[in-house]
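Trainee: This structure is in C-alpha cells; I'll ask about it shortly.
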Amino acid sequence: MTVALGKSSKEEKNLFDIADDWLRRDRFVFVGWSGLLLFPCAYFALGGWFTGTTFVTSWYTHGLASSYLEGCNFLTAAVSTPANSLAHSLLLLWGPEAQGDFTRWCQLGGLWTFVAFHGGFGLIGFMLRQFELARSVQLRPYNAIAFSAPIAVFVSVFLIYPLGQSGWFFAPSFGVAAIFRFILFFQGFHNWTLNPFHMMGVAGVLGAALLCAIHGATVENTLFEDGDGANTFRAFNPTQAEETYSMVTANRFWSQIFGVAFSNKRWLHFFMLFVPVTGLWMSAIGVVGLALNLRAYDFVSQEIRAAEDPEFETFYTKNILLNEGIRAWMAAQDQPHENLIFPEEVLPRGNAL
C-alpha cells in the first residue's frame, strides 16, 4: 500500500490572500487594489470641488466671487488657486497657514491644493484600474497607456506649470470660466497658439475626432445584414464568430476616395490610438516648457519691420500687439500686490476695448 504524504489543500490563507480575494472578486463594480487609490481620491477630489463651488469665496485670494452662495452659476463658479503670496505651500489644514482652522483654510485656497492632488492621484488610480482589469482578463494594456495622455496634460497644466512659476496662483482654478481665463493668460504671456507643441496637440485632438467620425461612419456603412432583427442590436449576436462589417468593402471605398486606405485592422486602430495620445503628450511637453518660460516661435524680423513701416502689418504682428494688451490688463488685475502701473494709453478702454 502506498501512502501519500503532503500538505493539506485546505491551508490557512494569509491576510494578503484574503484581501486579494475580496478586492478582486467579480462584482457589479470592480474594486481591485487600484480602487484603494482611485475611490478615496476621486471621492475627496469631487467632494472638495462641490464644496468649494457651492460655499467658498475667492475674495481673499483673487478678489472675486466664485461660489453659488455668492451668486455664481455653473459656468462661473470655481475652486480658485491660493494667493500668490503663499507660493508653493501645500496648504495642509494643520499647516502653519491655516493652523487647523477649516474656515481660514478654505479662505486661503486650501481646497485648490486638496482637489488638485487628490484629483491627480485619482486619475493615476483610474489608469492603474485599467491595467489591473486588463491583466485579470488577459487583455493588452493599451487602454491604460492611452489614458496616460490626459494624465500627462493634467499633471503638466495643474502641477508642473505652477511649480515652474512663482506659486500655485498661476495654475488654472477649477471652473469653466476660470479655465477660459487661464487659456487667455497662456496666450497673452506665452503666445501659446504659436507654440509648435500646441500645434501638435491641436492636430492630434482634431485629427482624432476626424478619424473617429470616419471610422464610425465606415463601420455603419459596411455592416453585414445577416440577421432578421429590426435594428443592429437585435440582428447581431454578441458572441457570433463572424465579423459584423466588411473591411474589404471599406478598403475599396476609401481607396477610391483618397487613393490610399487602411488594409489592416490592427494598423487602423493603432493609428486611431496613436494620433490623440501623441497629440496630448506633445501638449503636455509644451506646457512643461512654458513652466520654464521657454518661448514659442518669434518672427522678430516681422516685428522690427512693422515697427519701422506703418504700412506693413501681418496677422502675426497683430497678434503680438493683442498679447501685449492681454498682459497689460491681466497683470494689473491678477496681481494687485505687485502694484503694477501702466500708462493710460496702453490700457483697454472699458467694455469698448
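A Cβ is built for glycine as well, from the same backbone N, Cα and C atoms used for every other residue.
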Trainee: So which range, 91-107, 125-141, 312-328, gets flagged transmembrane segment in Swiss-Prot?
Mentor: 125-141
Trainee: Name the residue range among 41-61, 167-187 that Swiss-Prot annotates as transmembrane segment.
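Mentor: Going through 41-61, 167-187 one by one, Swiss-Prot flags 41-61 as transmembrane segment.
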Trainee: May I ask which of the binding-site residues Gln130, His198, His215, Phe262, His269 is closest to His118 (chlorophyll a ChlzD2 binding site) if we compare their C-alpha atoms?
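Mentor: When the Cα distances are compared, Gln130 comes out closest.
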Trainee: Determine, using Cα-Cα distances only, which of these binding-site residues is closest to Gln130 (pheophytin a binding site): His198, His215, Phe262, His269.
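Mentor: Ranked by Cα distance from Gln130 (pheophytin a binding site), first place goes to His269.
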Trainee: Find, among the binding-site residues listed as His198, His215, His269, the one whose Cβ has the highest number of other Cβ atoms within 10 Å in the structure shown.
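Mentor: Top count of Cβ atoms within 10 Å goes to His198.
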Trainee: Would you mind listing the long-range same-chain contacts of the transmembrane segment (41-61), meaning Cβ under 8 Å and 6+ residues beyond its ends?
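Mentor: Residues 67-70, 72, 77-83, 106-109, 111-112, 114-115, 118-119, 121-122, 125-126, 169, 173-175 contact the transmembrane segment (41-61) from elsewhere in the chain.
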Trainee: Whole-number answer please: how many Å between the C-alpha atoms of His215 (Fe cation binding site) and His198 (chlorophyll a PD2 binding site)?
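Mentor: Computed Cα spacing between His215 (Fe cation binding site) and His198 (chlorophyll a PD2 binding site) is 25 Å.
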